[in-house]
Amino acid sequence: MSGGKYVDSEGHLYTVPIREQGNIYKPNNKAMAEELSEKQVYDAHTKEIDLVNRDPKHLNDDVVKIDFEDVIAEPEGTHSFDGIWKASFTTFTVTKYWFYRLLSALFGIPMALIWGIYFAILSFLHIWAVVPCIKSFLIEIQCISRVYSIYVHTVCDPLFEAVGKIFSNVRINLQKEI
């Protein structure tokens with residue numbers, strides 16, 4: 001080990017580790033390098049999208065599953081011609097399908113942009129404003145909570161204990177007269 005470097009049993013040249021487990025910034029021992037290479041990092045921005053099941057969390061199960069039978073129904077005894085009923089079904093289904101696709105094509109990306117900005121702002125405000133305000137409030141309220149606790153233990157506890165002892169001997173007899 002001369003000059004701050006050493007050679008392992010396989011002939012690889014390494015710098016001297018800063019600590020026994022290796023450099024915390026850059027792994028320079030084989031065990032740490034292998035351990036880091038085995039870990040798989042998953043990023044929410046690079047995950048694959050399921051093009052078959054587009055509602056995996058079932059957000060829209062009750063709301064938008066509208067079929068022809070959910071909207072238009074003819075009761076017994078009041079039926080239109082079979083051809084009209086079939087044409088109405090086809091017209092409704094195809095119109096709903098293609099108009100949804102048209103609206104998605106026109107407004108899907110702008111709406112995704114708007115909702116992405118909205119939730120980014122919401123996340124930003126929650127992380128950088130709401131949580132720090134709540135933590136600050138909890139720190140500041142500790143002083144008041146201690147004073148309040150002392151007040152309750154020195155004034156309220158004895159007072160309510162005395163009132164409880166006064167009324168502990170009260171007996172109520174209910175008689176039902178017929």
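From the backbone N, Cα and C atoms, a Cβ is placed for every residue, glycine too.
Note that this is a predicted model, so its numbers are computed, not measured.
Lifted from Swiss-Prot, the feature list:
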INTRAMEM  105-125  intramembrane segment
LIPID     Cys133  S-palmitoyl cysteine
LIPID     Cys143  S-palmitoyl cysteine
LIPID     Cys156  S-palmitoyl cysteine
MOD_RES   Ser2  phosphoserine
MOD_RES   Ser2  N-acetylserine
MOD_RES   Lys5  N6-acetyllysine
MOD_RES   Tyr6  phosphotyrosine
MOD_RES   Ser9  phosphoserine
MOD_RES   Tyr14  phosphotyrosine
MOD_RES   Tyr25  phosphotyrosine
MOD_RES   Ser37  phosphoserine
REGION    2-94  region 'Required for homooligomerization'
REGION    82-94  region 'Interaction with CAVIN3'
TOPO_DOM  2-104  topological domain 'Cytoplasmic'
TOPO_DOM  126-178  topological domain 'Cytoplasmic'
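Annotated features, which come from Swiss-Prot, shown on the structure.
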residue	record	Cβ contacts under 8 Å, 6 or more apart
Cys133	S-palmitoyl cysteine	none
Cys143	S-palmitoyl cysteine	none
Cys156	S-palmitoyl cysteine	none
State the non-local partners of the region 'Interaction with CAVIN3' (82-94) in its own chain: residues 6+ outside its ends, Cβ under 8 Å from one of its Cβ atoms.
67-68, 71-72, 74
